[in-house]
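Step one of this worksheet: look at the structure below.
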């Protein structure tokens, strides 16, 4: 592997350089020959090389044009990925699906400074993917997989768990990166739920969840009183106890609440 390119702090770049960890990540992604794979932020191609060994259809979206030559050089012995020098947040997944209805496998060492926007983009496209394996700050992964009544349980937990089965499948120490980040990392697996709960108004669901967690120490009654007043709804008639805080409600509770309100 060549590491000629200096990592850019502004893009949240930290390049993987431990071959054992790299192999393990790709192995856990369980990529098959006929899978269409889309890697987000391949950087210098650490993961890409091993993905090319597994699949005949490897696509990468890389925002930083300055790393692409090195990426392709590092991949030479393994094959050639199709490179899109674009911002993933504006990228159309249907481009790599071509005319097929085949779903994609997503993988990537995500830039930590924009991981949340990327995750929300993946939510929007969840019907087009088989699964996703992302390296993220461990603290973020812990928030995503958190359960109710936990300090780390929040908006991201509820929204992602509505769409996906979420699990942390590998811990990754800072020393396997160049440059070393100041935090631990982890691999998050997202698998779209086969039977999602029905929501009458999904945008309203997102708004209710966001508003409920707006001030964590406040009760649902205080956080939602403006919305309840606007809808002319008596808090005592709701299917959840408004004296509770948002962190006490399960994802299913939020769905029940939203379907009652709309």
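Here the Cβ of each residue, glycine as well, is placed from N, Cα and C on the backbone.
According to Swiss-Prot, the residue from 41, 154, 226 that belongs to the S-adenosyl-L-methionine site alongside 14, 16, 62, 87, 109 is 41. Residue annotation for S-adenosyl-L-methionine gives 14, 16, 41, 62, 87, 109. The furthest Cα pair among them is separated by 21 Å. Long-range C-beta contacts of residue 109 (S-adenosyl-L-methionine binding site), restricted to its own chain and to partners at least six residues apart, with a cutoff below 8 Å, comprise 14, 16, 41, 43, 46, 47, 134, 135. Taking the Cβ of residue 62 (S-adenosyl-L-methionine binding site) as reference, residues of its chain lying under 8 Å away and at least six apart in sequence are, in sequence order, 41, 42, 43, 68, 71, 83, 84, 85, 86. Non-local neighbourhood of residue 87 (S-adenosyl-L-methionine binding site): 63, each in the same chain, at least six residues away, with C-beta under 8 Å from its C-beta.
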